[in-house]
Amino acid sequence: MGLTKQYLRYVASAVFGLIGSQKGNIVFVTLRGEKGRYVAVPACEHVFIWDLRKGEKILILQGLKQEVTCLCPSPDGLHLAVGYEDGSIRIFSLLSGEGNVTFSGHKAAITSLKYDQLGGRLASGSKDTDVIVWDVINESGLYRLKGHKDAITQALFLRGKNLLVTSGKDTMVKWWDLDTQHCFKTMVGHRTEVWGLVLVSEEKRLVTGTSDSELRAWDIAYLEEIEDPEEPEPKKTKGPSSGIQDTHEAEDGALETSEAPEDRILTCRKAGSIMREGRDRVVNLAVDRTGRILACHGTDSVLEVFCILSGEEIQKKKDKKMKKARKKARLSSCKGEEEDLEVSVEITLQDEIQRVTNIKTSAKIKSFDLIHSSQGELKAVFLLQNNLVELYSLSPSALTTQPVRASRIAIGGHRSDVRTLSFSSDNIAVLSASADSIKIWNRSTLQCIRTMTCEYALCSFFVPGDRQVVIGTKTGKLQLYDLASGNLLETIDAHDGALWSLSLSPDQRGFVTGGADKSVRFWDFELVKDENSTQKRLSVKQTRTLQLDEDVLCVSYSPNQKLLAVSLLDCTVKIFYVDTLKFFLSLYGHKLPVICMDISYDGALIATGSADRNVKIWGLDFGDCHKSLFAHDDSVMYLQFVPKSHLFFTAGKDRKIKQWDADKFEHIQTLEGHHQEIWCLAVSPSGDYVVSSSHDKSLRLWERTREPLILEEEREMQREAEYEESVAKEDQPAVPGETQGDNYFTGKKTIETVKAAERIMEAVELYREETAKMKEHKAICKAAGKEVPLPINPILMAYGSISPSAYVLEIFKGIKSSELEESLLVLPFSYVPDLLTLFNELIQLGSDVELLCRCLFFLLRIHFGQITSNQMLVPVIEKLKETTISKVRQVRDVIRLQHGRS
């Protein structure tokens, strides 16, 4: 049997051209002890840390596959919590850039992340309507809070009390008592989605932002004296009190009418509304860390800034108003007697929360963050819709002054989608062009080395010699640029409609263009005298025109320059002789127009990609279709052969890049990474690099490795990946008898938890086998009357010849804390009796009491019915009870002693 054909694998090398992606939020982070200088920005699946002063990317927090949807820095500034599209959360260390902790509990994208004041707990809200509170230190979930009926928009811990307040798109604001993990209050005073929520004025006031132009303020009164819980209370009636009735609030937690008054921890009363200038919904509402500045924005480019006055300032204002009112009353009264005048002054909400200024950014705001710098000025950083980060500063001492734009990060990316890419002949420079600019990137450093303004670019190439570039635009112009100076040398009106395609001639003396004016035009390079200098400069002149019946979408020369392929809007590809422009072949078969095509290096094959999602491979001798491949799940946007081979790449609107073999008609590899439709790609002249651009604003570099790729292995890996995905998506109840969607645990079944459960099962089986062997060994020794050597299991030997029970403990220690409960949940009950016996043995030895108790209590909780009904386990449980209580007491005493010493 002959060797199977091997291919070389392409792997993702880098993401560049992206400053920040739209789905997540921008946050200030503390690095190297500096506040207000560095920001963390979501960048597709990664998080970029930018230095605002230098405009440089200084750290990349590497993601896996899913897009980042939420960021939250820890209060100590050492960590950053990152929420992803698939509902997972990772906590990264900002010192090392590594993400060691992963929480998997949500089924949909994370929409909100907030730490408590000390940074020990993290509340996450998701599109799956659940709120989960995580223990960051123990790396495990504490509890899941269910009650909202739509996506969570915000979750906030209260500083002074163990409470959590959440808002959602279901128009509700819910208050949760974290001691009992239940919702004790639901505010139903909103008529539309609650998009933002902040606590101000020392947590005595709540401000909410909704889909209208009002910011609603609610006064919070905490009920300090709670009645005796032993005292029986009557059931609550529907109308608790007239004052609260007016605000359309339901006092009862989960809209139940059987709640006792002692469950009411606080009352909320509507204080009034502040009108925003924006007419659309609130997108983000935030308060700075001092709680003095409140800011919000809608779907436009204006941030409205308000100042929240302190109690002293409000009192001063009240006194001032009182003075004015008395003066007025004195003047209006006939008698000048002050004591007879009774003046009352009311302080309105507008007096307490004052409008300061508006910050107008250069484009629509997607998210923002506020911070007070050491100099006392307020800094506001914005992530804008057009791939831009801007920093504005505002002086709080003179808050009426206009905000100043301090810096912006713009050079590292385009403002709009990149529509064309090209490689220079030496594989070093990459050209990318969008609706307003051309950028030249160094492929090895990924730095932008030249930016030039242009019209809406559709196609491009480097002129032989790599000193100039030619761009074809949407208005039908050809633009010629000099790279050394970055100047536009010449603009030529080439076509009356969009110039869709350019193809450089193989002899490198000219090129051909195809446009929406139904013509193909031939151009030659020439040197003309420059008016501004004595030197000659490069120019182009038109030599011939080929007029056709349909719009031209794509043109391509054959490598011997004898044939020209032209793709037309009538779904056909016409082949013409270059010298006479006579018609040679028509390739028809596509159901929708051919958007892209390429001819192989030897001129034997032409591959065409169409909006009908198919790629067809044709012979150029007779125009016969060799094979039609269903390539993508959406339009095929770009196609290019790898130089000196019959392998080619296709890019589709389905966010995938695929490599194909045009001889064997095999799909070789899929490159996944982009999160939106891909517009174009370029293969380097050496074939070692591929660069692609997408609607997600990112440019991605893919690199050919030396690693051989065997198709059978690749298919096997794909099947494994599909299986792992299906395991995670299984919706069977995790607990026997549990109804669908009633999971009260914080974890989620993933392939990692399944693997961990398998490791536990294997360890328990090894323990069973070794225990049986030991019994046999004892019997043999007894019969022989002397000590017979016992063969040690190689696995135990690898762990340093430990006992089987110690090996099981090692396996438990090796499971991530955040996955421990979920792994035990998947474990079959048949392994539980052995584990209980083992736990008893290990706890007696006093090893890892805390971990073992956590596992023990969880198993007792989920298998309570089966354990209590099993007579065989009664003595085991009795022993465990004694052992656990005594050992836990010992551990507690040791901790007390150490705590006392410290």
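Positions of Cβ are set from backbone N, Cα and C atoms, glycine also.
Per TrEMBL, these features apply:
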| type | residues | note |
| --- | --- | --- |
| REPEAT | 61-102 | repeat 'WD' |
| REPEAT | 103-144 | repeat 'WD' |
| REPEAT | 145-186 | repeat 'WD' |
| REPEAT | 187-228 | repeat 'WD' |
| REGION | 226-262 | region 'Disordered' |
| REPEAT | 411-451 | repeat 'WD' |
| REPEAT | 492-526 | repeat 'WD' |
| REPEAT | 587-628 | repeat 'WD' |
| REPEAT | 629-670 | repeat 'WD' |
| REPEAT | 671-703 | repeat 'WD' |
| DOMAIN | 805-900 | domain 'Small-subunit processome Utp12' |
TODO: Among 61-102, 187-228, 411-451, 492-526, point out the range having the most Cβ pairs under 8 angstroms from the repeat 'WD' (671-703).
DONE: 411-451
- [ ] Determine which residues of the chain contact the repeat 'WD' (411-451) at the Cβ level, with the cut-off under 8 Å and only residues 6 or more beyond its ends counted.
- [x] 14, 16-19, 55, 57, 363, 386-388, 457-462, 464, 466, 469, 471, 481, 483, 486, 679-686, 688-689, 691-695, 697, 699, 701
TODO: Sort out the residues at least 6 away from either end of the repeat 'WD' (629-670), same chain, that have Cβ-Cβ distances under 8 Å to it, and list them.
DONE: 5, 7, 9-10, 592, 595-601, 604-605, 607-611, 613-617, 676-683, 685-687, 690, 692, 694, 702, 709, 711, 714
Open item on the list: For the repeat 'WD' (61-102), how many residues does DSSP put in helix, in strand and in coil?
Closed with: 0 helix, 23 strand, 19 coil
Open item on the list: Across the repeat 'WD' (587-628), what does the mean pLDDT come to, as a whole number?
Closed with: 94
Task: For the repeat 'WD' (61-102), sequence-distant contacts whose Cβ falls under 8 Å of one of its Cβ atoms, 6 or more beyond its ends - done: 21, 23-31, 35, 40, 42-49, 108-115, 117-119, 122, 124, 126, 128, 134, 136, 139, 672-673, 675, 748, 816, 818
- [ ] Please work out the helix, strand and coil residue numbers for the domain 'Small-subunit processome Utp12' (805-900) from the DSSP assignment.
- [x] 86 helix, 0 strand, 10 coil
